[in-house]
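Swiss-Prot lists 435-442, 485-489, 539-542 with the feature GTP binding site. According to Swiss-Prot, the feature compositional bias 'Pro residues' maps to 81-120, 136-155, 180-191, 228-240. Residues or ranges marked as compositional bias 'Low complexity' in Swiss-Prot: 121-135. Feature annotation from Swiss-Prot assigns compositional bias 'Gly residues' to 192-204, 241-301. Marked as compositional bias 'Basic residues' by Swiss-Prot: 305-314. Taken from Swiss-Prot, the feature region 'Disordered' applies to 29-316. The region 'G3' annotation in Swiss-Prot covers 485-488.
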Amino acid sequence: MAGKARVHELAKELGVTSKEVLARLSEQGEFVKSASSTVEAPVARRLRESYGGSKSDKTKAAPSGNGAAGATVKPSAPQSRPGPKPGPPVAQQPAAPAAPPAAPPAPPTPAAAPPSPAPAAPAAATPAEPAAPSARPGPTPGPRPGPSAPKPGAPKPAARTPRVGNNPFSSQQPVERPAPRPQGPGGPRPGPGAGGPRPGGGPRPGASPGSMPPRPQGARPGGGPRPGGGPRPGGGPRPTPGGAGRPGGGGGGGGNYRGGGAGGGAPAAGGGGFRGRPGGGGGGGRPGQRGGAAGAFGRPGGAPKRGRKSKRAKRAEYENMQAPVVGGVRLPHGNGETIRLARGASLSDFAEKINANPASLVQALFNLGEMVTATQSVGDETLELLGGEMNYVVQVVSPEDEDRELLESFDLTYGEDEGGEEDLEIRPPVVTVMGHVDHGKTRLLDTIRNATVREGEAGGITQHIGAYQVTVDLDGTERPITFIDTPGHEAFTAMRARGAKATDIAILVVAADDGVMPQTVEAINHAQAADVPIVVAVNKIDKEGADPAKIRGQLTEYGLVPEEYGGDAMFVDISAKQGTNIEALLEAVILTADASLDLRANPDMEAQGVAIEAHLDRGRGPVATVLIQRGTLRVGDSVVAGDAYGRVRRMVDEHGEDVEEALPSRPVQVIGFTSVPGAGDNFLVVDEDRIARQIADRRSARKRNALAARTRKRISLEDLDSALKETSQLNLILKGDNSGTVEALEEALLGIQVDDEVELRVIDRGVGGVTETNVNLASASDAIIIGFNVRAEGKATELANREGVEIRYYSIIYQAIDEIESALKGMLKPVYEEKELGRAEIRAIFRSSKVGNIAGCLVQSGIMRRNAKARLLRDNVVVAENLTISSLKREKDDVTEVRDGYECGLTLTYSDIKEGDVIETYELVEKART
């Protein structure tokens with residue numbers, strides 16, 4: 001039995017109980033727990049050897065196809081070999097071919113039984129008796145004249161199972177050899193009836209001239225005669241290098257020690273060639289084939305078959321050799337093809353595109369000093385750099401292209417009118433009012449729609465977008481115009497940019513008494529970038545110091561040339577407070593729209609537009625202010641806006657009245673979203689809620705990946721020590737009344753530049769009041785909650801007081817920015833500035849056994865102060881730094897300080913002083929960080 005065996009299997013094989021086997025193993029020094037335990041092959045061999053092998057043969061009634069102790073011979077083999085078997089005289093008893101025993105264990109026979117020369121016609125499957133020591137004293141020196149002729153009268157069996165070779169530990173079964181060996185067993189083989197010296201297949205001399213080198217002498221597992229006819233379970237010493245009269249195993253194949261041996265007591269199945277390896281028991285000697293049995297420890301029993309490599313294998317090997325090595329890792333080599341990746345893609349996504357192993361990309365970046373996991377979002381530069389090293393062109397897909405591809409996967413399009421020219425109808429113009437803060441934009445809209453919106457704004461500053469549609473009576477014709485009011489404060493850049501993209505015409509409001517300001521220039525840039533025509537409204541002409549001509553001259557520098565100066569920009573002087581020239585301004589807007597714009601849309605398609613603003617209402621839930629750009633929005637439609645989706649449950653106009661449908665250029669408030677959409681997100685109507693949910697989920701995942709790639713800190717191995725140092729960090733949780741305000745506040749706060757030592761991090765943001773969940777998060781992360789135009793809800797205030805969480809409320813954005821900036825500056829580590837105190841020259845040195853060297857000094861300037869910091873100068877060269885004046889005396893009295901012009905004695909925390917040295921004292925003063 002080659003390989004491991006269980007105790008109960010051995011007990012069944014040996015015909016004893018498992019307890020007896022366990023006891024016998026314990027006597028042999030082997031610790032085995034139970035009958036289900038396995039023992040190694042050497043242990044099983046020693047166990048069988050201790051039982052003498054007889055019980056094994058009695059228990060095996062038929063040969064086993066997967067026996068572990070040795071290979072058995074098929075019962076049909078003796079019938080095909082009727083010829084007499086040469087060999088020394090032995091007392092051999094033929095056994096029935098129906099029950100051949102297994103090899104190598106042999107049945108117990110009398111030890112003194114000599115070998116018989118009787119013919120062994122049925123003995124091919126009969127185990128050979130062990131030869132006495134006197135019967136085979138050494139190798140038979142018969143000649144080996146090369147290949148021998150086939151044995152007359154003894155045809156080879158058509159198929160036989162050769163025994164396992166010289167390896168007692170082999171777990172593989174021998175392979176059948178139907179074809180005869182081309183090389184005979186060596187030596188003269190007489191015909192039938194002739195005696196020979198090989199009971200197990202003929203003599204095996206140790207060497208044959210011209211066929212093989214001499215076989216080394218020594219122990220050989222599985223070979224050699226056994227003195228006294230004792231059983232030979234699997235191996236033992238083999239003093240003679242020649243033939244093997246193995247009980248139950250047959251002699252080794254003639255020729256040399258690499259030849260295959262025959263089965264139990266029969267002549268070898270083929271001549272021994274030099275092709276098999278040791279352990280190829282029944283293998284043939286033909287070139288290019290393995291031995292019939294396995295080698296030691298499961299290795300193949302012969303030399304592997306070597307074939308010619310295919311062209312594909314050679315090409316793959318060549319390409320692998322030519323593959324680029326990045327960071328010591330061999331990576332695939334591209335042909336310059338373009339790989340499209342989404343923003344925030346991971347190395348797994350990149351590896352999937354190029355059929356590479358993600359682990360190799362991770363290892364390559366790690367060796368280059370970049371620590372990234374396979375599923376972590378990677379920045380665009382890292383992907384492009386890695387792709388360039390492998391000869392790939394990495395193209396990071398823009399968010400717009402990625403969103404378009406996402407919609408195309410659902411057979412949806414955005415931004416195009418369906419149908420032909422006959423389906424398009426005239427729509428009202430969308431006008432955005434832009435300008436610097438406090439220049440009168442909201443007052444102008446109030447005058448147009450006869451409302452008072454400005455008084456409701458905190459500080460008189462518009463902090464969210466307002467969208468209104470008013471009907472203007474122009475020359476007896478009612479013309480609807482949609483107005484969008486944008487903030488003018490510098491923190492609302494993104495909101496102004498959204499207003500410019502969603503508009504048809506921009507009204508630029510400039511105060512005649514203030515002139516062109518930074519946000520005025522920014523509004524001009526946004527409008528020009530969106531290719532939107534601009535109508536300039538010069539406001540506050542009724543105030544003292546107003547100079548409309550000056551405004552025209554200033555705006556000329558930015559490409560806005562008035563029509564009276566030969567340009568194409570329309571300028572209207574107005575007074576929003578007095579209502580002067582408002583109709584002229586509206587007329588200019590209508591004329592500009594009719595003259596230079598094609599304002600048409602298809603109202604019969606599914607609605608599409610943009611979410612101008614969104615907020616969380618306590619009673620109504622998420623509310624989004626949307627502007628319909630094409631199509632008609634109806635109650636009950638399934639909509640998706642950004643990563644929010646839902647079904648339109650209710651629509652409200654600017655007057656608070658319910659509407660059932662909204663046509664193009666109509667702003668309405670939509671109620672029914674499952675979450676708050678982002679300000680500026682595109683919205684569209686889809687057929688089913690399922691499609692809307694899938695689109696929203698994919699957009700949300702894309703946004704998370706992009707955010708992770710943008711906010712992930714690039715930590716290299718060189719910067720790891722500094723990155724692990726403690727840095728001051730201010731965590732914030734932002735809550736506001738609408739999403740646009742929260743977005744603007746976050747951008748303004750993150751734009752505060754204080755120092756690299758402190759970091760501002762917004763860990764959460766949302767629309768609505770401060771909740772207990774926000775307080776718990778702030779408590780766990782040591783964060784401050786910023787509430788903008790909102791208050792704490794319910795028990796959130798009590799929880800915040802109990803947990804020690806600070807909640808700050810603001811209604812004006814620049815107050816929040818100033819206070820957060822001050823808090824960041826207060827978190828800076830202090831910077832100390834050196835302030836000189838005085839200088840003293842050493843005139844004499846006194847030595848003391850208690851305190852060491854005492855310096856007798858004359859204070860030249862300033863003061864000498866006890867415990868002050870000092871440095872020692874010698875010839876204007878600093879000798880020692882960071883010293884301390886440990887003691888200071890004037891005459892014999894201890895003093896705290898000595899002024900200039902006086903002598904003193906002092907000791908330093910430094911003993912190597914000389915006369916003429918100068919002691920300079922200083923103190924460190926904390927400097928305010930800015």
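Cβ coordinates come from backbone N, Cα and C, glycine included.
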| note | Row I541 (GTP binding site), column other C-beta within 10 angstroms, all chains, value 19
| query | How many neighbouring Cβ atoms, not counting its own, are there within 10 Å of the Cβ of G435 (GTP binding site)? | reply | 28
| note | In three-state DSSP terms, K441 (GTP binding site) is classed as helix
| Lowest local Cβ density (other Cβ within 10 Å) among binding-site residues: D438, K441 | D438
